Amino acid sequence: MGAPPGYRPSAWVHLLHQLPRADFQLRPVPSVFAPQEQEYQQALLLVAALAGLGLGLSLIFIAVYLIRFCCCRPPEPPGSKIPSPGGGCVTWSCIVALLAGCTGIGIGFYGNSETSDGVSQLSSALLHANHTLSTIDHLVLETVERLGEAVRTELTTLEEVLEPRTELVAAARGARRQAEAAAQQLQGLAFWQGVPLSPLQVAENVSFVEEYRWLAYVLLLLLELLVCLFTLLGLAKQSKWLVIVMTVMSLLVLVLSWGSMGLEAATAVGLSDFCSNPDPYVLNLTQEETGLSSDILSYYLLCNRAVSNPFQQRLTLSQRALANIHSQLLGLEREAVPQFPSAQKPLLSLEETLNVTEGNFHQLVALLHCRSLHKDYGAALRGLCEDALEGLLFLLLFSLLSAGALATALCSLPRAWALFPPSDDYDDTDDDDPFNPQESKRFVQWQSSI
């Protein structure tokens, strides 16, 4: 299969494509993109399930660590205000983990933007291909209608005017037959007319899904950013209630991070299988959805010398018919106009129609060449297999950093808030001190009672 211009499978595609795949029975599955097959679906689900396994192991590790911390902690002597050894190390490890999580959030924003750019490039390529196909249909329809109108009006009028001269009538009828033949050949060039699959509809569906995917990731990134910032604030202010609330939120974001990691990993693996050799799948799917012949689809997907233009014969016959019409009209203009001046008007109208038809024909020749649609195909692959896949890998790195940072924070936060001084420590001030909170409270109560 020939590669589209400017597209070559990247190193990431080759690396992910080489990873082994297995179904639920752990039997090997070929790395061929086949989403309709059950074994391949199971292989991708198994990749996503690895993230679920990681989540389970993380939760077990956190639970065991916290149980050990709660049950095996040596009792502190009553009234002791000496911080336990290693307390500062625990707090700083939590801070470093949260800062690493913030770094992962930055990577996540970049990956989300890259993925969105790749999908936007895919949508733009589909829209340009839809414009090309619509232009072909419009030009064919306009040209056929012009030729049909010329046959019904100008050529009929010309035959009536030239009726006294049999040989001139025969020439006009020859031009009629050539116009009808050209219209018939041109009508077969609108190969996408009536096809149920619309690139415009596909582009709209892709953009619709991408908008919600982008928004979901932005909300996830902002949620984790808020959790990290408020946790750091709680540690700085030594606010126990804020740290406890953020611990619960960290657990929620940890679950979301592992879930997004599984989705990203399965998508990246499946996308690498598609991008390693996209032509067979695109060819089969498009043929199934459109019903077009494999010759037409192969011509536009491959666009090389090994595949001939399936419209070449129709184009040649149409060009020959238009040339014959042109020569016959020139002959009629030389011989008929001096004898039948009233024939000049329909002849001029026919020449104008022929000039417009030839202009449309040359546009059709350029549009029907494989270069334009094949270029759109290559742009779509570059957007999907380069930018979008790279963005997915950055999102995968974000999820990994996020899961590690939050797991570390969940282990450190309970130990950190256990080191916070109790609220009673703030009451160990002189009772006669006017700035003592308790004394101020009693003073306000005394004033209200007066």
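Even glycines carry a Cβ here, placed using N, Cα and C.
Here is what Swiss-Prot records for this protein:
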- 428-450: region 'Disordered' (REGION)
- R165: site 'Essential for the formation of the channel-pore' (SITE)
- 65-88: topological domain 'Cytoplasmic' (TOPO_DOM)
- 236-240: topological domain 'Cytoplasmic' (TOPO_DOM)
- 412-450: topological domain 'Cytoplasmic' (TOPO_DOM)
- 44-64: transmembrane segment (TRANSMEM)
- 89-109: transmembrane segment (TRANSMEM)
- 215-235: transmembrane segment (TRANSMEM)
- 241-261: transmembrane segment (TRANSMEM)
- 391-411: transmembrane segment (TRANSMEM)
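The list of residues near the transmembrane segment (241-261) in space but at least 6 beyond its ends in sequence, with Cβ under 8 angstroms from a Cβ of it, reads 51-52, 54-55, 58, 217, 220, 223-224, 227, 230-231, 233-235, 395-396, 399-400, 402-403, 406-407, 409-410, 413-414, 416-417, 420.
Same-chain residues lying 6+ beyond the ends of the transmembrane segment (391-411) with a Cβ under 8 Å from its Cβ atoms: 12, 54-55, 58, 61-62, 65-66, 93-94, 97-98, 100-101, 103-105, 107-108, 110-118, 217, 221, 224, 227-228, 231, 247, 250-251, 253-254, 257-258, 260-261, 264-265, 267-268, 271.
Beyond the transmembrane segment (215-235), the same-chain residues lying 6 or more positions past its ends with a Cβ under 8 Å from any Cβ of the stretch are 91, 94-95, 98-99, 101-102, 105, 108-109, 112, 242-243, 245-247, 249-250, 253, 256-257, 260, 395, 398, 402, 405-406, 409, 413, 416.
Within the chain, the transmembrane segment (44-64) has long-range Cβ neighbours (under 8 A, six or more residues past its boundaries) at 21-24, 254-255, 258-259, 261-263, 265-266, 269-270, 403, 407, 410-411. Secondary structure of the topological domain 'Cytoplasmic' (236-240), assigned with DSSP and counted as helix (H, G, I), strand (E, B) and coil, comes to 3 helix, 0 strand, 2 coil. Averaged over the topological domain 'Cytoplasmic' (65-88), the predicted model has a pLDDT of 61.
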